[in-house]
Amino acid sequence: MVIRNLTAVWILSQTASYDFDDTLAGGLVSIECITGFLLLSAVIYGCQTLPPLKSPFGLLMLNQNVTQLLACIDSGAFFFFGVLLNSKIVMKNSHVFGFVSVMLLPVILGSFFLMSVNRLCASTMIFAYKRIFTKHKIIIFIVSIWCFSLVFCASIFGARDCKFEFYTYGWFFTGAQYTEKCNDLVVTYNFGVQVTLTSLIMVSDVVTLFVLVCLRNRVYNKQSAAVRRREMSFAGQVLIQGIVFVAHGFWYDMGYAILPGNDDRWKYFFTTSFSSNLLHVFDPIVVFMFNPEFRKWILNFRFWFQNNKVNVTMISPSAAVSSHT
């Protein structure tokens, strides 16, 4: 792990002046967040309308994407108004945006963990699956994750005034200059929540992959081909998203040492803010890739749009003639 010299970064941030690089960094993240907002909104709409996703897994995926959409809005609003437009009010209250982001992180990771466990149970406990993942129990799981995250983060970043602030040198959020006691709490938060949940997701995904590769015929021998394809698509989606989360964690910690160049600002930026917000774009793309229902829905929407465009083109001349008679 590369330990960033936050003291040096804080000093450089205090003396930094707004320039074109700030505009560029704010613009890049704003584009990511706008794109992510559109894609995540499409996934959320699809989870509510597509019949195959009106299921326990679809409900978990809905919660995960809603949470990620909130994180996308939080980050996009800050980088657009604060960094791109250089709003002094937004920059002064960066810790508010930071608190929202750290509060949503355990919810996002917890949602991915539930999705991973859901696929594991669907592969290994087919008969008990419906009893474990009922709609009522899933709602309890989701509410528990939200409550835990809110209470835990409020106790660290609220009651103890451990702020998660934005540093203009490198354009990334990180912990403020903590007291020794507060620093221990932040370390506990990072390793107790992020590392633990990411590790559990990875273990669950590896077991699921083993079951699907080695025991696929035994697991799905009594199910139809359509059900097998759907279950394999759901499992593939979760596996790829889990791998990306693990890879992103490695990149966040170690990418600074890998990137070439001597400009620390951009090395900090591309390993933290840029890569983190890129997940808002990547995750819904994975959903589209592994769910044929989404692909058909997108194609149908495109054909509907093209047909309406053709109809308007064909009707317009006659409408113009009738308007002159």
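All positions are counted from 1 along the displayed chain.
Including glycine, each Cβ sits where the backbone N, Cα and C put it.
Worth saying up front: this structure is predicted, and the values here are computed from it rather than measured.
Quick look at what TrEMBL annotates:
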type	residues	note
DOMAIN	33-291	domain '7TM GPCR serpentine receptor class x (Srx)'
TRANSMEM	24-45	transmembrane segment
TRANSMEM	66-85	transmembrane segment
TRANSMEM	97-117	transmembrane segment
TRANSMEM	138-159	transmembrane segment
TRANSMEM	191-213	transmembrane segment
TRANSMEM	234-252	transmembrane segment
TRANSMEM	268-290	transmembrane segment
Listed stretch, out of 97-117, 138-159, 268-290, that has the most CB pairs under 8 angstroms to the transmembrane segment (24-45):
268-290
Near the transmembrane segment (66-85), which residues from the same chain, at least 6 beyond its ends, have a CB less than 8 A from one of its CBs?
22-23, 25-27, 29-30, 32-34, 36-37, 40-41, 44, 91, 94, 97, 100-101, 104-105, 107-108, 111, 166, 171, 273, 276-277, 279-280, 283
For the transmembrane segment (234-252), what are the same-chain contacts with Cβ under 8 Å, counting residues 6+ beyond its ends?
57, 109, 112, 115-116, 118-119, 122-123, 194-195, 198, 201-202, 204-205, 208-209, 212, 271-272, 275-276, 279, 282-283, 286-287, 289-291
What same-chain residues lie close to the transmembrane segment (268-290): Cβ under 8 Å, and 6 or more beyond its ends?
4, 9, 25, 28-29, 32-33, 35-37, 39-40, 42-43, 61, 65, 68, 71-72, 75-76, 79, 169-174, 233-234, 236-237, 240-241, 244-245, 248, 251-252, 255-256, 259, 298
I'd like to know the mean pLDDT over the domain '7TM GPCR serpentine receptor class x (Srx)' (33-291).
84
Positions on the same chain near the transmembrane segment (191-213), where near means CB under 8 A and six or more residues out:
105-106, 109-110, 112-113, 116-117, 119-120, 123-124, 152, 219, 232, 235, 238-239, 242-243, 245-246, 249
